[in-house]
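**Q** Please find one structure pasted underneath; my questions will follow.
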Ligand code: HEM
Ligand SMILES: [Cu+2]
């Protein structure tokens, strides 16, 4: 084999000349990138962006960057979705406007982006901003590792984005089942982009999981017993435990697939002793817990929102905690329901079917606990509350269709159909995304110091929820009509009307996304009117509302004393909030560092080079990455001291502000 | 292409006892779950209305946050429903095991199905014939399928007759179906397998006994025979493959398709 300096990268292979639409996508991606770079340059803000944000180890800033990444990827993932909806609306007895080669990339990138680069960063971002504040901590346990996680995730997202410009993305779906994803059937770079994007970001997620577990176990304020933690902290703990145990399975599985592809090994090939069933089995050992990784944090957000906007303590706190942990545990016992149709014996299928249904019990308990919190409450319909109510109703429907799929004989009928697509969107959109959006609107003032416009928030909600029903209910029906998922075209005329309705639904969701954008812009414009001077705009009950909005870098000048589940509410009742402490002490805070960005950058170069088999560059990037990590570990000056007098200044200003508020 | 007028919603209007039982299980489960679903819907709307801060009629009790009775109820009712569903699940999963031979008083018709890029080959060992993209069989007589793949993983599915099962290279899965009336149904691969996947469907024809004999006779008249060479030509990727017949099939062809993946590279 001839060795080439750029591996298998050639201009002919690299450019997306196979479809006009792909060329358009590449151009938009490049322009978007240039627009960001250009704006920062034009505003002359590079130094600010670098020193205050990119290199920051402050958990709140890292969290904000995560959420920004998630929102950008939500847009990209949604563009994919609406393109598929448009294709299927037209593709009766015709090729539509997308060639199969391109359509197949789009469903693969949509699924991959939504799961790994929208949902994961969104929840990780919200956890980062809020959990340390909710447990009364000054930062996460490992601030530097936090930054590494962020930049590894961003590197993975970068690999997916650049695949649209240089080369192509996988056509093997977000699940990448071999042997289709093997080198024999799929020799190009697409599957490699998929593999390295999730390798790189998957390591970031594992590190995040470790970080959050240690933070929650070790950094709680005095009196914050485990059984006093807000539900969001519990669901974060559960979700993080799942990340730590599940993600390595994905990392190993995709690494084995990479070995098959690069070194002609035979873990999952059709021949030479390989077996695709091993892949499917291993993939879902990660894959099922993953859906709970996505959904549990949203459950935590709903719990906080329900209690705050019903102005009432959460009903059945203990039940909710036990239900959360039960779900986390059980989520490792059900993975086989993703392949009931593989030919396992009736006993095996029945066992995993029953195990799956058992999860419905703690989930049902949670729903009723939220409802009982509303009962005899005093409900204000903040947009976050609307997302929550919409979630309760819609998610229950998704739960029901999930139990249907847990019945193996019913799954034999519905597996791989659009019914399944409808089901998992019915879980993930209300169950995860609505929760993140509720959290975004609820905690936005905490992160930025001003509230978001509620009218546009409500409009966004109504568009999303009605768009959701329009876009996905027809897919249940199409499942009954025998339509398979992942179809680029079809020849059954009866499928077209429901597909057109589904496309209209996607258009309504697009309006919902427009409302979100308008809400953000309008709120930034009117921010002076909507300042949150108290740090507690919703009469909150948990500790994150005790800090200023946005919080000082150290969150709490003096660590709070916790006496109750609704810690802040209890302090308010005692009249013990915003007290002036006797004295302030110096606080050590993590010093900013560019090492995280550097490590992420090297990971990106490594991934890109591995995709294109530019082995010298991959080796160099890997060495550089390890060297950067090693060099950082020799660095002694990782913290700086904020003196008591500086803290006093900041806190006095806040106390004056609060007093001024009260005087008004 | 396959000349069938497919049933609009084959899963709601099945044409055989297996699919019917699977559908009924689905409906039964929906009904049982309504016991939880309806209260959730009613409570959500009712509570949101009654306890709204802007003039709701409901009482406000901010310090009421626990009741042992309600807690017990919300654990036990879902648990009871799951127990009922689990019993149903256990018996139905065994009864509807796709590997179980169906008993309709007659000997089942054995057919061997091979998934290829992007078509289906059906071999009739009893008759020594084969067909591509058309599966004919007598209505009222159980159909016993052996299934494998000569390419990536596929999933064999005739929605009107019963659930699907994967087709995997080097392995054999089984599916037992029965049509209780004659008709022409749509069958397809449900597992995405590349560019030709959308067109990878076939006609499943449940025929009267005489019509089936005629069909066999028609296949027997085909000039084509399926041996190692013609099989290789057929197995090469192709889209929209027309329905075609083979009047003869090399002995144990199906087993050799499976066997070639055991051990070495196939050529
Ligand atoms: C915002 C509205 C959304 C729309 C309109 C939408 C639409 C679609 C469509 C049309 C497909 C392809 C269905 C098929 O294979 O026939 C799809 C697949 C998928 N979607 Fe979405 N989606 C949306 C949001 C989401 C979200 C929020 C997530 C996850 C958090 C998600 C995860 C997935 C996954 C995992 C797949 C499967 C991809 C595959 O087949 O490999 N989607 N979606
Ligand atoms: Cu699952």
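Using the three backbone atoms N, Cα and C, a Cβ is placed for every residue, glycine included.
Grabbed the feature section from TrEMBL, which reads as follows:
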DOMAIN    A:44-563  domain 'Cytochrome oxidase subunit I profile'
TRANSMEM  A:20-43  transmembrane segment
TRANSMEM  A:64-86  transmembrane segment
TRANSMEM  A:106-130  transmembrane segment
TRANSMEM  A:150-173  transmembrane segment
TRANSMEM  A:229-259  transmembrane segment
TRANSMEM  A:320-340  transmembrane segment
TRANSMEM  A:346-365  transmembrane segment
TRANSMEM  A:427-448  transmembrane segment
TRANSMEM  A:460-479  transmembrane segment
TRANSMEM  A:499-522  transmembrane segment
TRANSMEM  A:588-608  transmembrane segment
TRANSMEM  A:614-635  transmembrane segment
**Q** Could you pull out which residues elsewhere in the chain have a CB under 8 Å from any CB of the transmembrane segment (A:64-86), counting only those six or more residues past its ends?
**A** 21, 25, 53-54, 96-98, 103, 106-107, 109-110, 113-114, 117-122, 124-126, 128-129, 150, 153-154, 157, 161, 436, 440, 447, 471, 499, 502-503, 505-507, 509-510, 513
**Q** For the transmembrane segment (A:588-608), what are the same-chain contacts with Cβ under 8 Å, counting residues 6+ beyond its ends?
**A** 50-51, 54-58, 138-139, 143-144, 147-148, 150-152, 154-156, 158-159, 162, 196-197, 199-200, 553-554, 614, 617-618, 621-622, 624-625, 628-629, 631-632, 635, 637-642
**Q** Can you say which of A:150-173, A:320-340, A:460-479, A:614-635 has the most Cβ pairs under 8 Å with the transmembrane segment (A:427-448)?
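**A** So the stretch in question is A:460-479.
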**Q** To what whole number does the mean pLDDT across the domain 'Cytochrome oxidase subunit I profile' (A:44-563) round?
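**A** The average pLDDT of the model in the domain 'Cytochrome oxidase subunit I profile' (A:44-563) works out to 97.
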**Q** Six or more residues out from either end of the transmembrane segment (A:614-635), which same-chain residues have a Cβ under 8 Å from its Cβ atoms?
**A** 5-7, 9, 144, 148, 593, 595, 598-599, 602-603, 605-606, 608
